[in-house]
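According to Swiss-Prot, the Mg(2+) binding site annotation covers His61, His125.
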Amino acid sequence: MERVLIVNADDFGLSKGQNYGIIEACRNGVVTSTTALVNGAAIDHAAQLGRSTPELAVGMHFVLTLGEPLSAMPGLTRDGRLGKWIWQQAEEDSLPLEEIAHELACQYHRFVELFGHEPTHIDSHHHVHMFAQIYPIVAAFAREKGIALRIDRQVAAQSGLDQQAARSSAGFSSEFYGEAVSEELFLQTLDASIARGERSLEVMCHPAYVDRIIMGSAYCYPRLDELDVLTAASLKAAVADRGYRLGTYRDV
């Protein structure tokens, strides 16, 4: 049975080092897809690289935790900026859902302006679209636009979210992350998906070259390790040996 593997590199547009790492992992590795932060410091650079790398599918990385929003969000920003206090607001059930829905539309339109096409799919920075209050908004938007959505099946099940609310891959893994990233860890995510009988799987990753912006991230040097693993010839062979075809969200 053929299986589809989507290797999605998050954070396109975060920095030039991030952008170059993603392009390298696509051209010389197993990365097939990326998602872009339209308010990122290097988003124009990302759009330029994306146009010269047509084999890289580009989706939208919805941002509610970093930088400045594209629209006025007085209910979520502090001093005009987004931040991780969104978790506290979610726990307090005080999220400004109308503002979030409007910002989602603004970021979508900005994506189309930058890249010249619709995103292949939507996910989000720090997985905020999987919050119980935000998920229905993003899922309905993706369905309306006819595009796919990253769905973390485990989180959705725990939160009682409708897993059929939007088109998605059968499985999703965020486990290729952290100080211990390795080829073995990557392949373990594939083997676990095979054991679950999933015909399609998205593996999240963050390959990058380190620059000043990345050095300011809590997740820094492992991005280099990810790049090494994702561009290893042995990994591509092992993926094929397991019956996977490298693909994108257009294939699900």
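Using N, Cα and C of the backbone, Cβ positions are placed for all residues, glycine too.
Using a 10 Å radius centred on the Cβ of His125 (Mg(2+) binding site) and all shown protein chains, the other Cβ atoms total 21. In sequence order, Asp10, Asp11, Phe12, Gly13, Thr35, Ala36, Leu37, Asp123, Ser124, His125 are the residues of the chain that are 6 or more apart from His61 (Mg(2+) binding site) and have a CB within less than 8 Å of its CB. DSSP gives His61 (Mg(2+) binding site) a strand state.
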